[in-house]
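Trainee: Pasting a structure here, questions to come.
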Amino acid sequence: MGRDNQTWVREFILLGLSSDWSTQVSLFGLFSITYMVTVLGNFLIVLLIRLDSRLHTPMYFFLTNLSLVDVSYATSIVPQMLVHLVAEHRGIPFMSCAAQLFFSLGLGGTEFVLLAVMAYDRYVAVCNPLRYSVIMHGGFCTRLTIASWVSGSVNSLVPTAITFQLPMCTNMYIDHISCELLAVVRLACVDTSSNKVAITVSSIVLLMTPFCLVLLSYIQIISTILKIQSTEGRKKAFHTCASHLTVVVLCYGMAIFTYIQLHSSPSVLQENLISLFYAIFTPMLNPIIYSLRNKEVKGAWQKLLGQLSGLMSKLAT
């Protein structure tokens with residue numbers, strides 16, 4: 001059936017979390033604060049890494065890119081959600097919805113690959129420390145980072161293109177906080193079993209493949225740590241990976257639960273809560289995790305605060 005013979009949607013309506021005004025205002029306040037903390041926290045991490053020469057290492061180069069991905073991912077979803085929380089009309093144009101889906105999928109995919117790259121970096125640091133600087137040289141790190149951004153973007157093209165070629169007919173109400181992939185697919189007025197297969201394949205390629213690489217890296221890392229004779233040596237080796245491992249559990253755990261178990265039919269509320277956690281709270285938690293659990297970052301913060309305190313004292317006198 002061609003386009004001329006059907007009514008095609010030009011705008012979608014995002015139903016969001018609640019229709020109660022007082023609840024919406026409360027959520028607006030909460031999510032606004034969380035988004036500001038996310039943006040500020042990640043940009044402070046980037047600024048700190050740029051200012052402190054001790055942090056000019058491959059690990060923190062990758063962390064800079066992770067922070068930029070987190071801010072970009074949150075920005076692709078949260079501002080529009082905040083507007084809809086206080087607006088009477090919650091419409092989003094067809095092309096804007098497609099763009100939001102493309103960027104959120106692409107940035108999410110980039111983060112998965114980047115976390116696998118960071119796991120490889122930790123593997124080399126723990127398992128092959130004498131050759132670390134030779135293996136993880138600047139050019140190689142740059143190529144790995146570019147590959148992460150490109151692979152995420154390219155992989156998001158497939159599900160986005162397939163999804164927005166589907167006829168939506170007059171189905172315009174998306175029961176979600178954003179143009180999330182599965183929520184949009186459910187609007188189609190045709191059989192979408194082949195689309196779900198494509199989504200599964202895409203998820204496996206850009207979610208499970210990096211996850212398996214992360215898993216293999218940490219199996220080697222743990223094996224190496226267990227062979228270290230001294231307790232102090234084992235603690236030091238573990239602390240070099242603790243922050244990254246915590247972020248891996250948060251990011252991959254939520255994503256695997258959301259996209260791989262497609263046939264479990266999670267509730268709409270459950271999908272919304274997972275999306276909220278991944279879009280709002282994970283990007284906010286990442287800089288906090290790296291700041292609290294990483295001695296080098298804490299040392300850099302102390303040095304920067306000491307310099308600022310000294311500068312303020314001079315200005316005061």
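Keep in mind that glycine also has a Cβ here, set from the backbone N, Cα and C atoms.
So TrEMBL says this about it:
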TRANSMEM  25-48  transmembrane segment
DOMAIN    41-290  domain 'G-protein coupled receptors family 1 profile'
TRANSMEM  60-78  transmembrane segment
TRANSMEM  98-120  transmembrane segment
TRANSMEM  197-219  transmembrane segment
TRANSMEM  240-260  transmembrane segment
TRANSMEM  272-292  transmembrane segment
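For the listed features, I'd like the structural context: burial, neighbours, distances.
Mentor: Summarised as a single figure, the pLDDT of the domain 'G-protein coupled receptors family 1 profile' (41-290) averages 85.
For the transmembrane segment (60-78), the list of distant contacts is 31, 35, 38-39, 42-43, 45-46, 49-50, 100, 103-104, 107-108, 110-111, 114-115, 117-118, 121, 141, 144-145, 148-149, 177-178, 247, 275, 279-280, 282-283, 286-287, 290, 296: same-chain residues at least six beyond its ends, Cβ to Cβ under 8 Å.
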Trainee: Please determine whether the transmembrane segment (98-120) and the transmembrane segment (25-48) are in contact (criterion: at least three Cβ-Cβ distances under 8 Å, sequence separation 6 or more).
Mentor: no
